[in-house]
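*Asks:* Structure incoming, see below.
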């Protein structure tokens, strides 16, 4: 195995890891109750639940009635600010509440980025020049989509986190999902860069070999002419 092929496999591996991480982000609450983008520990005086876990397509109220969970149906877009206003009286302005609600719709980009990473990974398996070039382009697109989704995630939950903690009744913390999408964006960027560089190197090597073969054939032809 050549060094270029080894480096190409590193890029392929990074894209695969990014794909797996994005799957985990996709199945945050309400799919997996305790897996969250952000979680809020409600105050001791809360009679409704012990904790709220916010995810990609909804949220879960954990510890309802002591030991049960109640989750929304998975859907595109929800109202985290309105929920916290009802649960602990957090005070959100109309602008911040509407912004957070609107940005939750952008989370539909999570599965889009997941699909793009998977396509890029499959293209990387075909290590030809065309496959590697397409893989680098698709993985770059996956990075852009992941980056946009990540920025919207941080803006959305920063609004909720700031106002909830400011209220002082509950405590909002980042969940593992928010960090997983950050790592995924980094891995996708590096994977795209590595695959693109190895594609360019392979193309240059292929061109050099063809020129060398042409030169050898030309030299052999000249030698035969001189011999005869």
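Any Cβ shown, glycine's included, is placed from N, Cα and C.
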*Asks:* If TrEMBL is the reference, give me the range from 140-160, 203-223 marked as transmembrane segment.
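*Replies:* It is 140-160 that TrEMBL describes as transmembrane segment.
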*Asks:* Out of 90-111, 112-133, let me know the one TrEMBL marks transmembrane segment.
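*Replies:* Matching range for transmembrane segment: 112-133.
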*Asks:* So which of 112-133, 140-160, 180-202 has the most C-beta pairs under 8 Å when paired with the transmembrane segment (12-32)?
*Replies:* 180-202
*Asks:* Checking distant contacts: for the transmembrane segment (140-160), what same-chain residues at least six beyond its ends satisfy Cβ-Cβ under 8 A?
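*Replies:* For the transmembrane segment (140-160), the list is 15, 18, 22, 37-38, 40, 54, 80-81, 84, 92, 96, 99-100, 103-104, 106-107, 109-110, 112-113, 116-117, 120, 172, 174, 178, 181-182, 184-185, 188-189, 192, 196.
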